[in-house]
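Over in TrEMBL, the protein carries these features:
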- 100-349: domain 'G-protein coupled receptors family 1 profile' (DOMAIN)
- 86-107: transmembrane segment (TRANSMEM)
- 119-138: transmembrane segment (TRANSMEM)
- 158-179: transmembrane segment (TRANSMEM)
- 200-217: transmembrane segment (TRANSMEM)
- 260-280: transmembrane segment (TRANSMEM)
- 301-320: transmembrane segment (TRANSMEM)
- 332-351: transmembrane segment (TRANSMEM)
Amino acid sequence: MLTQCVTIIKVQVQITAEMGSPAHHLMSLLLSISLLPLTPVPGSGHLEVPASTSPVHDNMWINNQSSRDDFILLGFSDRPWLETPLFVIFLVAYIFALFGNVSIILVSRLDPQLDSPMYFFVSNLSLLDLCYTTSTVPQMLVNLRGPEKTISYGGCVAQLYIFLALGSTECILLAIMALDRYTAVCKPLHYPIIMSHRRCIHMATGTWISGFANSLVQSTLTVVVPRCGHRVVDHFFCEVPALLKLACADTHVNEAELNVLGALLLLVPLTLILGTYVLIARAVMRIRSAESRWKAFNTCASHLLVVSLFYFTAISMYVQPPSSYSHDRGKIMALFYGIVTPTLNPFIYTLRNKHVKAALGRALTKEFWVKTG
């Protein structure tokens, strides 16, 4: 370390002797600073993250971690003692999310008693949640246990696009599921006609296309912002608010456009959902039988819980100026709508729905007889 510093000083003195102007003196000083290595944190195997966000410090960190085309995902690098517990928690949550969502998809498609519009949309939601967690959690697990917290530029853009697309699709899908519940409760006689299989397929297809189209616009508005070489992302994965924090130019126009798109995609479906449930509540209150009222309420309770979990965290992140984005708060919110909600959704639908529980029981019984027959 001492030998390297002496060598750097000699280089600086030699350059200074050859260049006489003040600008050249300053250039030589910056050169000597930029060549100093990162200092390990005493008592740990982790490198200390530079406190400054200047281009010099960012470039020092990037050169020690990756190529110039990679992004550095800091995550909880400033709290290394959290990385092992988080790795275990994320891994367990991901396994539960895979198991729960795959189970819902299989029983919804294979069990004839679940062949209805409601479970068609539930299986679409499970597919969304399955892809949602897979787009971020594996990379997070690698970064938590690996020596380098990096993701390639192409990987970051792909992750941003897919994560936004799936989140946008879920916003619209939850509104369509509320419409399905309204039709089932308020117009039961016309339900098979209104929610025909062909119409359900058209609505689901339109939902996926709209979500991916919206993501294309939002991702483009985020990626085109100049970063001046800043590649240190203070987050677990590539997300809009965290990436906009790297901007080295005025981003007010981009922020305004992203806020408008976010408000349209989050608040409009949420308003439709709330309005739909007001109509459902009025219809349920007119039912004289307490048992029928409870059955109607129980049909909608799971969807309401899923909507509350998803929209609360998503709105708190995306319907705000990115300039007011808080790193720690953003990470906590991302854990909820990126991991917790997709993990809980299949269990919410399973635990509160006797039809799904019965279908899972029949599937396990069939599997048992196949193995023992």
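Numbering starts at 1 and runs along the chain as it is shown here.
Backbone N, Cα and C atoms are what each Cβ position is placed from, and that goes for glycine too.
Just so you know, TrEMBL annotations never went through curation; they're auto-generated.
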Quick one: do the transmembrane segment (119-138) and the transmembrane segment (200-217) reach 3+ CB pairs under 8 Å, ignoring pairs fewer than 6 apart in sequence?
yes
Taking the transmembrane segment (158-179) as the reference, which of 86-107, 200-217, 260-280, 332-351 gives the largest number of Cβ pairs under 8 angstroms?
200-217
